[in-house]
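Student: Pasting in a structure now, in structure tokens, and then I'll have a few things to ask.
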């Protein structure tokens, strides 16, 4: 797991990518927030697997979790490569995201899938907004790399959303309220992780 201390220590082992000041001002918060988000997604699925791993939906959750682990690893790599400070709230994201995954799973498979749908709805919108911003920048090696990563991950997050719908997320108890609360929590997390 990447911590602020480890990111500083290992940053010197990666070649630094030079970004112009405008790009750096935009890219650093993007990498920071995306790292925090993918770390949170990893922990949500860990919480879901702790409760539902041995049920019929376990293999589906495991597949999505495996993709999220790769997403997290890629953003840990980008944090080092672009020398971006991780969010100060990484420990908080780890605990709260695991709890979110576990608690919704305790409510049942449909509630766990409702959690997935709510989270992925916000993340797909977030990634689409980032892509719109990146398209306005001069296409340098760094910008193109980050755009490609975001496009790929956005598409996989959309697949997770669709998987949740296929697994009856919308039939979860109190779906609308649950979805609203989770989407709101994700938006607060995004806003916080961009700056801190």
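In case you wondered, yes, glycine gets a Cβ from its N, Cα and C as well.
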Student: With 68, 71, 157 listed by TrEMBL as Fe cation 1-binding, which of these, 38, 129, is given for the same site?
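Tutor: As annotated by TrEMBL, 68, 71, 157 share the Fe cation 1 site with 38, chosen from 38, 129.
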Student: Using a 10 Å cut-off, grab the number of neighbouring Cβ atoms around the Cβ of residue 71 (Fe cation 1 binding site), all chains included.
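Tutor: The Cβ of residue 71 (Fe cation 1 binding site) has 22 Cβ neighbours within 10 Å.
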Student: Near the Fe cation 1 site, what residues other than 38, 68, 71, 157 in the same chain have a C-beta no further than 8 Å from the centroid of the listed C-beta atoms?
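Tutor: For the Fe cation 1 site the neighbour list reads 37, 41, 42, 67, 70, 72, 123, 153, 156.
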Student: Which are the residues of the chain, 68, 120, 157, 160 excluded, whose CB is within 8 A of where the CB atoms of the Fe cation 2 site average out, their centroid?
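Tutor: Output for this site, in sequence order: 41, 64, 67, 116, 119, 123, 156, 158, 159, 161.
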Student: Compared by Cα position, which of the binding-site residues 38, 68, 71 is the closest one to residue 160 (Fe cation 2 binding site)?
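Tutor: Of the binding-site residues 38, 68, 71, 68 has its Cα closest to that of residue 160 (Fe cation 2 binding site).
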Student: Do you know offhand how many angstrom separate residue 71 (Fe cation 1 binding site) and residue 120 (Fe cation 2 binding site) by C-alpha?
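Tutor: Residue 71 (Fe cation 1 binding site) to residue 120 (Fe cation 2 binding site), Cα-Cα distance: 13 Å.
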